[in-house]
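TrEMBL has this to say about the protein:
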- 1-49: domain 'UEV' (DOMAIN)
- 43-92: region 'Disordered' (REGION)
- 137-164: coiled coil (COILED)
- 199-267: domain 'SB' (DOMAIN)
Amino acid sequence: KRPHPHVSPSGLVSIPYLQNWIYPSSNLVDLVVNLGSAFSHDPPLYSQRRSNPNPNPPNYGQQQQPPPPRVAAAGYPPSPYGRAQPSQTEDAAEVYRRNAVNKLVEMVHGDIIKMRKEREAEMEGLFSAQGVLRKREEEVNKGLKEMQDEKEALEQQLQVVLMSTDVLAGWVRENEGKIKNLGNNNDNVDVDEVFHCADVLSKQMLDCTAADLAIEDVVYSLDKALQEGAVPFDQYLRNVRLLSREQFFHKATAAKVRAAQLQAQVASMAGRAPHSHYAP
């Protein structure tokens, strides 16, 4: 369609949106919208009607009119940069306002990018601090668990001490009158007759402990005799082997007796507990 206000005869399109193109506010989507709006009001092309398949015979009596001369499109001089000159009908105030708005949009876009980078840096710092806090939380939980385990071990030791204290206190109560009955004859008291084992387990524990300590003294004496040369080396090894085997059996027996005594003490305290709590 010639002439057209936005399309030159060579096909060059010139609309205000292209003339005021500013990156990044301008984009291809808005360009297509503006082209559609401009060409919907004034299309640059038109379709010709097809001729009648059975045309009327030409009237040679009438003189055919010559076609109208072609008029070159005005207002589109060739541009050395390949762009068309702005339309003369565009308002200068509108162009200034659009440029100012585009400039403001560009400034706001730059500020948003800057703020985004700053917030990303802050988030990285927060993530690092969160990792440190999680590591410290794990250390605190580990230390708390260790303290809890230590507390439970101390409570168990306290129970053992309380049971031993109870046993000793009972023994003191039972033997307080024996010292008074000795009177002035305490110089003639046999040491072996002063202490008596209360039960079979105590007697067995006393015998095992005495035998263990006696064997320890014998081995020490054999060491001294070997150093002085009073005992041959082969005889020393044979005696030490026999004594060590006997000492091992005494220690094993003492460990079993100690476990049985502890179990008996726990049962005794459990049996006395209801009477101590509910006694009138």
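Just so you know, glycine gets a Cβ as well, placed from its N, Cα and C.
Where the annotation comes from TrEMBL, it is an automatic prediction and has not been curated.
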Per DSSP, the domain 'UEV' (1-49) contains 18 helix, 2 strand, 29 coil
For the coiled coil (137-164), the averaged pLDDT of the predicted model is 93
